[in-house]
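Asks: Sharing the record's features from Swiss-Prot:
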BINDING   103, 202, 462, 538, 539, 540, 541, 605, 1000  substrate binding site
BINDING   202, 602, 605  Na(+) binding site
SITE      358  site 'Transition state stabilizer'
SITE      392  site 'Transition state stabilizer'
BINDING   417, 419, 462  Mg(2+) 1 binding site
ACT_SITE  462  active site, proton donor
ACT_SITE  538  active site, nucleophile
BINDING   598  Mg(2+) 2 binding site
């Protein structure tokens, strides 16, 4: 044990937090979760241990701008003005200094290993009583599961130790410091340390004791470590459980270890052995270690699909059988290996349906509770995810247990990121930083290696490629050859990774960056000598209204076996709750706390909002990742299962046929598909519709029974096909009254019964409509070529740093947002049975014509207004965001009814999950509340839209809400939006895709850009 004076002054003088060679003082070695049961049955059933005591709760807290401001007296007694905070928590969430959101740029001046003199410091203290029997014998430890960034610990005024690495436990022996009765802990937490240079992840920078604190009482002679691993024969019919157990203490020669393996209430295998029997080399063996091997016949294998778990109980006892201590862990029999360029799980090539997940809570910052963790896992499973990357640090210990039990594959990632360094490997190639990096990798492995869910180790994130990575890669491969190692830094295919693991590589497009080219994922596989599998560590940047082009990745994954999936960036928006002057909550992002530097809304890249409400993009991910694929041939549906191990034992296939949303026939049958097999389902003779319309066959896979992660009735997969339809010929209708045209100097006015249409001759726009005396429009019907910019449209562009390549900057520079309209034509003609208004407009900026729009409005005797639009786009203007019409309707109706794709928001490059049907939703549900307002709520493939007294028919896309595109463009946060008068309607003949390969470069694929020179669309507007 390192001895140091208890004086605070000496601690401050040492400045351990500015020395990369000092990562800890007196911290105990890393190990798996301990509970120190004194009863084997309690260990087997994972009951709460009497030897484990939580110290979570209210602690005294005082904040100081720097450690030098902390008074020496605080070591012995609470300060009179100390506050109370809950542990675990981030002190920024309690009003002490501010959270900082930055992606790449360090939040402090870069001068490693030194940190600013103004280093916010939190002083925590807790007074507690200790169980006196704990003082009489044994060892009492204190465990801090997570403290950011570094801390010194005192107990009863005496210095205990020091720790850093905010995402792994720091554990200390308190035995020599405790006394009978009351005891006082004092923890001085520093916001910044040299460790902060290794923790430059894209997240909020927060501080404090943000994970659990607990006391653990162990016997003097104790289990100090244990490691389990599973080995198999070729066909997985026989397995061996290897358990390596290490002890410390006395009576070594008289001790025995028993390892028993349980499956529920049944003991499967057991073995007992003394210590020191295994020869390691010519000098002998470890006197304090032993390895037991238990044979298991026909083991129930673990996978994310079927997470079969056993329970291993490790008992330390005397030769006569007296139990000293028991530890235990869940065991999953599974094998991970790479063979012939494929990542195999239990001999099968696994397709990673993955997502990156930050530990984030909108109210609690980086504090994770079990309820939130379970909620995340259930949502992931329900949306067909099978894997999660712990981005970019080891997670709360409970997370891994839950992943074991519910079934998720885990990439466990070391808490190392130096993204803001120039070059990025400045520290990771420096041997002076190897000890700090080594602690972060080795301790992660030692803590988490018993978890079957952990199938891949990661050396960290965005830290370049340095010699330290190579050393740590070799260490892991030596200590744990049972798992592959991945690391993206330095080009995603260095010697420090077993898997090609690029981020944001595109399907077909090379990005030939200097030094670290990012090849298309298809090309990467074919590079000379490249035999590794490719799994994208990050892809499909889900920032705001995004995930366009996701289907293209999944087409490639299914086409090329060595393209084994990837991890979407990312799971949850990292917005935080603030409150306005009236106490109303609102969602904040970078800069909203006065934090500098900041990267604005770049913290919100989630498939779910911070409160775990799904984004519409989540449904697209669910559909593309579904485990059942379908093919229709005649009346036969071929169902292919992509499950590797699971037979479809809880699935019904429901099919239905509908004509323009009207059900014609349906049926249901059980699915009986073996893993990686097919089932042919013959449908009955389908009804022939008597009328015309779109005829669709829809299939859903429904789980009739509840599972551990879903309720009864959960839909896991679906598909639609458009069937052959009857052709129709428009027959002449019975004569109607002929609309009457009235011409004045200002207007053309058409009247039919109680309806009137007014066209302003000076503007050429439909300026008003009446039903009776009620006006229908608040603004004229106009062309629209813009959208409120998406995050993907903005990219990295900002007011002080313009990116001219961003879509929004191209549109601005070309004048799309500032275009003024010039009337070219506005005429009226009386036809035999209708009135025809013909208009032409030029949309211009600084004397240059960007668009010419020619329209005809044909109002017939039935009251229908048929609108035909032809648009010419200048060849040298950027491709527009949309080609459509917009107006502000006077009515605010409660519901919107449409025949088209839905029910969720969908866009041309993100619509495979949408289904064609007749949908009916509240108006409020047509708006997607992205925290940073943008274009939202589009519904594509629409044949009919009904709202209030109005109906629109044609083939178009639309969005409808209380917010104009102008307001969405000008508003920084969703809570600042105000419902405008009436309802804004946008009807598009054509709409550009949204992109999503990344959010900092134009990523809309060419096929989803509006690159043609001419566009034509039609629609009919009438009153119901």
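Every residue number used here counts from 1 along the chain in the order it is shown.
Glycine too: its Cβ is placed from the backbone N, Cα and C atoms.
Keep in mind that what you see is a predicted model, and the values were worked out from it rather than measured.
I'm curious about the neighbourhood of these features; can you describe it?
Replies: When secondary structure is read from DSSP and collapsed to three states, residue 605 (Na(+) binding site) falls in the coil class. Sequence-distant neighbours of residue 605 (Na(+) binding site) (same chain, 6+ residues apart, CB-CB distance under 8 A): 541, 542, 543, 546, 569, 570, 573, 574, 999.
Within the same chain, the residues at least 6 positions away from residue 202 (Na(+) binding site) whose Cβ sits under 8 Å from its Cβ are 103, 104, 392, 419, 602, 603, listed in sequence order.
Listed in sequence order, the residues of the same chain lying 6 or more apart from residue 358 (site 'Transition state stabilizer') and placing their CB within less than 8 Å of its CB are 203, 391, 570, 571, 572, 574.
In the three-state DSSP scheme, residue 462 (substrate binding site) is classed as coil.
Long-range Cβ neighbours of residue 462 (substrate binding site) (same chain, at least 6 residues apart, Cβ-Cβ under 8 Å): 200, 392, 417, 418, 419, 424, 488, 489.
In the three-state DSSP assignment, the secondary structure recorded for residue 538 (active site, nucleophile) is strand. Sequence-distant neighbours of residue 538 (active site, nucleophile) (same chain, 6+ apart, CB under 8 A from its CB) are 356, 391, 488, 503, 504, 566, 567, 568, 569, 570.
In this view, residue 598 (Mg(2+) 2 binding site) is surrounded by 22 other Cβ atoms within 10 Å of its Cβ, with every protein chain counted.
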Asks: Would you count the other CB atoms within 10 A of the CB of residue 539 (substrate binding site), including those on all shown protein chains?
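Replies: I get 26 for this one.
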Asks: So, three-state DSSP: helix, strand or coil for residue 419 (Mg(2+) 1 binding site)?
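Replies: DSSP assigns residue 419 (Mg(2+) 1 binding site) to coil.
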Asks: Starting from the Cβ centroid of 202, 602, 605, which together make up the recorded Na(+) site, report each further residue of the same chain whose Cβ lies within 8 Å of that point, ordered by sequence.
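Replies: Counting only non-site residues, the set is 103, 543, 569, 570, 574, 599, 603, 604.
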Asks: Between the binding-site residues 602, 1000, whose Cβ has more other Cβ atoms within 10 Å than any of the rest?
Replies: 602
Asks: Measuring Cα to Cα, how many Å separate residue 1000 (substrate binding site) from residue 598 (Mg(2+) 2 binding site)?
Replies: 16
Asks: What is the separation, in Å, between the Cα atoms of residue 598 (Mg(2+) 2 binding site) and residue 539 (substrate binding site)?
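Replies: Each residue's Cα considered, residue 598 (Mg(2+) 2 binding site) and residue 539 (substrate binding site) end up 23 Å apart.
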